[in-house]
Structures are given as C-alpha cells and as structure tokens.
Amino acid sequence: GGIDPHTHLEFEFMNTVTKDEFFSGQAAALAGGTTMPIDFAIPIDGSLTAGFKAYEKKAKKSCMDYGFHMAITKWDETVAREMELMVKEKGINSFKFFMAYKGALMIGDELLLQGLKKCKSLGALAMVHAENGDAVDEGQKKMIELGITGPEGHALSRPPVLEGEATARAIRLADL
C-alpha cells in the first residue's frame with residue numbers, strides 16, 4: 001500500500017472542519033490502496049503538547065497505522081523544548097511552518113529561521129507551506145472588494161509569483 005504524507009483529518013481551520021474524521025478518511029484511503037496517512041497535528045494556543053494530545057484523541061478512531069507532522073505556529077523556549085519532546089518521545093520527526101494564512105497559522109521569517117535551526121539540531125525534517133502570506137491577504141481583500149467570493153477567488157488571490165517568492169525566500173533562509 002501507499003503512504004499519503006499530506007492529510008487533514010478532523011482539521012479545524014478558520015471556522016470550518018474537514019469532512020472526514022480519522023475512521024471515515026482512513027477507511028476511504030484503505031479502499032484506494034493507501035495504508036498509512038501522515039496527518040498534520042496543529043498546536044493548541046501554540047502548545048505542541050496540547051495539540052498532540054488532541055490529535056491522539058481524534059486518532060483513537062483510526063483503522064490503520066498513521067503518523068503525524070507537527071505544525072509550528074509560534075516560537076519561544078517552550079516550543080523549542082516541546083519540539084525535542086515530540087522527536088524523542090512521540091515519534092514526530094517533521095515540522096511544518098506556514099508562510100501563509102495570515103491571522104491563523106502564518107509565521108514570520110524570524111520564527112522560520114529559529115524553527116529551521118531547531119529542526120537541524122534535532123535531525124528533523126522542516127516542511128514549509130510557501131506563499132507570501134501578507135501579499136495573499138491583500139489579494140483576498142481585493143477579491144472581496146471585487147465581489148469575487150467563490151472558489152475562483154482562491155486562485156486569483158494568490159498568483160504563482162507569490163508562491164515562487166516565498167519558496168525562494170524559504171530556501172535562502174534554510175541556507176543560513
């Protein structure tokens with residue numbers, strides 16, 4: 001079977017929740033030949049431990065093996081220590097940094113730099129959702145002003161150049 005490294009089961013985001021919970025999403029995956037998803041555990045108020053516990057609870061309905069990536073949504077010494085705990089005690093070896101979703105999950109370059117350094121010291125994989133969150137936020141406001149509120153507004157609010165800029169910036173920061 002296959003491994004799906006990017007799933008969002010029971011994901012609460014911006015006043016919505018993804019349709020599939022752990023059992024229904026995994027049952028559908030199994031029917032299609034995927035035998036292991038790796039879901040994104042989101043911190044609660046910045047706490048990796050609280051987020052991990054919440055996702056562990058959701059995953060009790062699982063019908064297959066699974067893994068977690070952990071998102072990093074703020075930075076302080078507690079988060080740095082929790083990253084070590086996630087790697088050494090919880091089996092999480094990948095962390096996601098969002099350069100998008102201003103006001104929700106987005107982090108700035110300073111946090112990204114700190115997180116990348118911490119991942120390197122832990123031997124963990126750093127993952128980046130690379131979009132220029134500030135520019136996308138402006139694009140979203142423009143779409144709303146123009147009355148474009150359907151799904152097409154999503155693509156129009158984030159032209160490819162914003163992904164390219166953020167990807168290049170993340171690569172350059174990772175080189176530091």
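Every residue, even glycine, has its Cβ placed from backbone N, Cα and C.
Quick look at what TrEMBL lists:
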type   : residues : note
DOMAIN : 1-138    : domain 'Amidohydrolase-related'
For the domain 'Amidohydrolase-related' (1-138), provide the mean pLDDT of the predicted model.
95
By DSSP, how many residues in the domain 'Amidohydrolase-related' (1-138) are helix, how many strand, and how many coil?
57 helix, 37 strand, 44 coil
